[in-house]
């Protein structure tokens with residue numbers, strides 16, 4: 001008999017060799033019906049996996065991230081099967097699950113069309129109805145290559161040949177279709193209830209522009225049609241809110257072919273950026289942080305010492321100066337560490353909180369670039385905290401509270417994830433255990449709900465990730481707290497303890513916005529470009545009906561500017577209705593309309609983006625109203 005520990009801590013005994021699907025049935029028939037995959041000792045596996053030793057088990061449904069992943073991974077295989085049935089000469093490349101669904105890349109001597117997608121979708125429905133079992137099998141390297149050569153699948157052959165010697169080479173079979181795949185998958189095609197093919201795109205093989213351009217079909221999958229319909233409605237809303245479209249319409253930023261992945265911020269975009277950074281600085285000063293600035297370019301040796309060279313080299317840019325090798329920083333931490341090392345520190349100095357709005361550069365493949373969300377140059381709102389082991393819990397709690405304050409200001413709900421040790425990591429088991437427990441205890445002490453993401457920590461330590469949920473239900477990972485015992489060791493950091501001896505500090509890396517650029521992109525979409533008054537690049541649009549009000553308009557403009565209210569004037573010889581419509585398209589919070597009546601009464605006619613026509617009030621009353629709105633940062 002083997003002992004299986006369930007997620008709730010309950011221990012059950014079963015015969016050795018029992019399948020996970022059978023355990024799900026014994027736990028509850030309702031759970032068995034919803035089950036899609038499982039986690040065994042933190043590793044995601046198929047439900048048909050047999051258990052031969054004592055293990056911890058979590059049954060995954062569509063409510064779980066990896067349950068969704070397994071279902072959508074199977075959706076990609078169903079798409080490939082449908083394409084091969086309809087167009088047998090097409091060659092298969094890769095087809096993974098992604099956050100929003102799945103895709104598959106194909107090589108074809110024709111171009112897929114929207115009409116073809118409809119035909120493929122109809123075939124997908126047939127395959128789902130046929131309810132084929134997904135059966136995993138493994139082959140030795142040469143047999144695996146022969147199988148794919150026999151099927152004329154050149155890309156699969158290349159993938160197998162690139163695998164390390166001794167790597168397990170697995171396949172999944174469903175009906176008449178077999179694909180190279182590590183899994184996991186759901187038990188049968190019938191589990192994938194609702195599929196929708198969404199779009200077509202070009203994609204270079206392996207993301208390399210020197211390789212052949214393939215055709216990518218995107219899709220998504222759900223267990224219920226109602227969930228699919230809700231998602232499709234969200235996509236329509238997301239199109240209206242696309243920050244790339246609104247960024248252009250509202251004149252906030254642009255990206256040019258002379259610098260792909262390097263955003264250009266325009267004056268209005270800079271206003272938003274400066275407000276976010278000023279607020280960040282104010283709150284960090286209140287919370288006891290000291291701001292630093294470190295160079296963009298640092299010697300290559302530093303990146304070897306930090307470990308970034310081994311773990312991050314492919315994402316870095318390099319240059320040569322005075323016959324020396326240098327790298328443009330992809331992260332701020334090594335530079336921040338040099339600031340710490342520049343002085344001797346006593347235990348009385350700790351915790352030491354150093355913050356930096358540091359520009360970093362990371363190489364992203366051209367196909368992955370996406371407006372402000374995925375760029376090659378961005379400002380990371382970093383802070384690095386140095387502390388004793390005894391201070392870990394209190395400092396982590398303080399960071400969580402600061403992050404919470406920021407996200408609530410912008411009206412974001414969020415969820416928290418604790419990510420544990422990855423395979424590619426540095427440091428001892430003991431350090432990782434202390435670090436992980438430190439983060440866990442901080443979360444538990446303030447009653448913050450979280451889920452555990454096994455194996456997704458940074459290479460130098462475990463982390464807490466904060467995922468924002470926007471107003472249309474999408475999630476964005478922004479803030480992070482990473483506990484690090486490794487960097488202090490690598491850089492021989494120390495402080496003098498109460499005993500007069502040298503001790504090693506604990507280091508914490510953390511961000512709140514994550515990337516300032518990306519956070520602005522998220523805000524553009526969160527507000528659909530209609531920023532709250534305190535954040536709006538233009539807070540008031542001032543317009544006259546005829547030239548007769550021009551002198552009064554200039555006096556009103558001057559009064560607004562004296563009160564630090566951002567105002568634009570529209571004195572064009574256009575109909576007032578046209579001016580109003582244009583200001584509405586620019587999503588400006590307030591319009592002040594001046595006609596002869598307003599001049600005579602010394603008032604302003606106020607039109608609010610939110611509440612419509614507010615009538616005529618004194619200029620002093622309006623200034624008091626808007627200043628209060630800005631002060632309290634009303635959303």
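Each Cβ is built from the backbone N, Cα and C atoms, and glycine gets one as well.
Checking the candidates 181, 333 against Swiss-Prot: the one annotated together with 384, 509 at the Zn(2+) site is 333. The average per-residue pLDDT of the prediction over the region 'Catalytic' (242-532) is 92, rounded to a whole number.
Within 10 Å of the C-beta of residue 384 (Zn(2+) binding site) we count 25 further C-beta atoms, all protein chains included. Residue 509 (Zn(2+) binding site) carries a strand DSSP state (E or B).
Neighbouring residues of the recorded Zn(2+) site, listed in sequence order and excluding 333, 384, 509, comprise 331, 332, 336, 337, 382, 383, 482, 484, 487, 507, 508, 510 (Cβ within 8 Å of the Cβ centroid).
The helix, strand and coil residue counts that DSSP assigns across the domain 'TGS' (1-61) are 14 helix, 26 strand, 21 coil. In the three-state DSSP scheme, residue 384 (Zn(2+) binding site) falls into the strand class.
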